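Accompanying notes for the structure given below.
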Amino acid sequence: MADPQEESKPLLSRVRGGSGRDRPEGVPACRSVQVGPGSTARRDLCLDQAVVFIEDAIQYRSINHRMDASSLWLYRWYYSSLCQCTADVRYRPVPWEPPCGLTEGLEALCLLVFAADVSVKSYLVGWAQFRKNPWLLAYLMVLVVSLMDWIVSLSLVCHEPLRVRRPLRPFFLMQNSSMMKKTLKCIRRSLPEMASVGLLLAIHLCLFTMFGMLLFTSEKQDAGQDKERLTYFRNLPEALTSLLVLLTTANNPDVMIPAYSKNRAYAIFFIAFTLIGSLFLMNLLTAIIYNQFRGYLMKSLQTSLLRRRLGTRAAYKVLSSVTAAGEAHPEGVGVKPQDFLHVLQKVQLDGDHKQAIMEKVRSHGGDLLSADEFQKLFDEFDKRVIKEPPLRPEYRSPFLRSAQFVFSHRYFDYLGNFMALGNLVTICVFLVLDADVPPEDRDDFVLGILNFVFILYYLLELLLKVLALGLRGYLAHPSNVFDGLLTVVLLVLEISTLAVYRFPHPGWKPEMLGLLSLWDMTRLVNMLLVFRFLRIIPSMKLMAVVASTIMDLIKNMRAFGGILVVVYYVFAIVGISLFRGVVVAPGNSSLAPVNGSAPCGSFEQLEYWANNFDDFAAALVTLWNVMVVNNWQVFLDAFRRYAGPWSKVYFVLWWLVSSVIWVNLFLALILENFLHKWDRRSHLQSLTGDSEATSQMTVELLFRDVLEEPTEEELMEKLSHHPHLQLCR
């Protein structure tokens, strides 16, 4: 135990003593700071150390950290307000306000780009088509309003009370996405049906609210009734809010407990309300949305097919007219292959698809391409080009050829997956065994040895696969690239660990020199090995169907994700305009009691201070927490007290848009896509017996046999009404 007199000595006086062996590691000595060539630097270092010690004392931080100049800079930067940013109103520093004209200048550049975009589009489609397109008209209107609001901002030196253009910004994202436009159109069509269910929900909510007010506000009340009234049914707005939250089951069974504890018959009221509202009407709303969007994917693919057929038929008509003008062939007989190859060279298309189409054209020889042959060439666009793997190296030695066969076999991959599983199991086992052992008392000797062995195996596996497949063949498989990168990272970390902590020995415990030790980083990277097992999925037929369906869903759900981003942005901007600064730190307002005096389960007692609308990032997180609807009654109550009872309208609207409409829409679309793709893939596999072939199809080709091909008369009618198409004659 240290001597008390020694502990009472000043820190620097202890450092001066002896030869420096008593000096804490990492703390440079400050003796003789006033003489010598480096006296100024040493003096500055001591001053910086003093600054950091004072900051540690003010913030109640430990002083056991590195004290050299570079570490002091990193330490102060890490604990600066820039890095330790928080949305908590109790600890948040004053936000930085950019000078007027900085963000407005960037915004002006964006508006100029949009102005150029709408000008080019209006010129290309023509004024007649421009006037018939509501999206282009809205594009022009939103741009004009944004420019006018931008001018107002500059004229008021950025002190305007409201910026109209902020909620309009997501429009620029939506108008450039055809899928988002189609989704919004379907949502608009489904609104009347959703409104009918919403009316039933409102009637259900109002009816049970009146029942509750009669049950819990009578003259003769027991203790349970009185507590129920004071807590949840004090007045009509409170009762409506309580049952609305119960509709989402967020406050179940809390809202029922006071009355139920005194008389179990009261449970009938709350169970009936939940059965009718949550389990019947809310699921009915999901069914209505699903019914409205049923066939949405088919309609979208049908429209896409029509547009492709129109484009290819227009190209055929143009090229056939060139053929008719140059030779004595009647118009529409066909297209010269050399003309098509010349055009194809200028088409912006990836090289693999272009090469596949060119090979098919050359196989026709010099014969003219008919309309059907011309059309079939473009079916190559729907196919995913499967690249041939690079040739494996050829070895003369029989031993090397045998080794090449063994190490390129799938069983060798199975062995690698088994070793990775063993690595993960060992890490998990030692995490469980060391859960109750303090970190300073743990012995990582056995785990360190095992980790060293596993990394050696991964390195050996990498080298053997490169030997068997060649470097290009090894890199041709994404799974090998992932394994190789992971192996290299693990190897670097292991070498660094051995260099810093030496080879594992009994009692070996790597010390933490920063946020994480090299040893902890190695174990964290080891956990990424779990992704190696994803390669097993394609070998399992049912899992392959599920995995490929999920991947297709992700690719085709981008439009709905974009709509969610737009909705989040608009509500965040509106929330900032309405509630910025209303949540104040405890002690700064009578509405913000300290945590000790706040009621249990309240905004203050739960320390939800970081949930506010004081900046954009905090607003997004707050909206997410309300969207999940867990404890969202806490937000309703807090903002009612801080901003006023009208704030409930904002949060209820957000719940309706996000949790009711968008989540149900997303669920309906997942069901529609998944059921269609599951049935189609199962049907195709039963016919072909080749799951690999069907997995290489795009969504359009997968549903091609259920889509209706446009008729010749329909195509020609569309082309005849084209306002700008003039065939070469």
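Keep in mind that glycine also has a Cβ here, set from the backbone N, Cα and C atoms.
Nobody curates TrEMBL annotations by hand; they come from automatic prediction.
Residues annotated as domain 'Ion transport' in TrEMBL: 97-293 (among others).
Feature annotation from TrEMBL assigns domain 'Ion transport' to 409-674 (among others). Regional average pLDDT for the domain 'Ion transport' (409-674) in the model is 80.
Annotation comment: TrEMBL describes 1-39 as region 'Disordered'.
With a cut-off of 8 Å between Cβ atoms, the residues of this chain six or more beyond the transmembrane segment (136-158) that come close are 100-101, 104, 107-108, 111, 114-115, 118, 121-122, 125, 130, 164-165, 168-169, 171-172, 175. Look at TrEMBL and you will find 136-158 (among others) tagged as transmembrane segment.
The transmembrane segment annotation in TrEMBL covers 197-216 (among others).
Per TrEMBL, transmembrane segment is recorded for 265-290 (among others).
The transmembrane segment annotation in TrEMBL covers 411-433 (among others).
The transmembrane segment annotation in TrEMBL covers 445-464 (among others).
If you look up TrEMBL, you'll see 485-504 (among others) marked as transmembrane segment.
Sequence annotations record features per position, and here TrEMBL assigns transmembrane segment to 524-547 (among others).
Per TrEMBL, transmembrane segment is recorded for 559-579 (among others).
Remote same-chain residues near the transmembrane segment (649-671) are listed as 187, 194, 198, 244, 248, 282, 285-286, 289-290, 292-293, 296, 553, 557, 560, 563-564, 567, 571, 574-575, 578-579, 623, 626-629, 632, 635-636, 639 (criterion: CB distance under 8 Å, separation of at least six residues from the stretch ends). Annotation comment: TrEMBL describes 649-671 (among others) as transmembrane segment.
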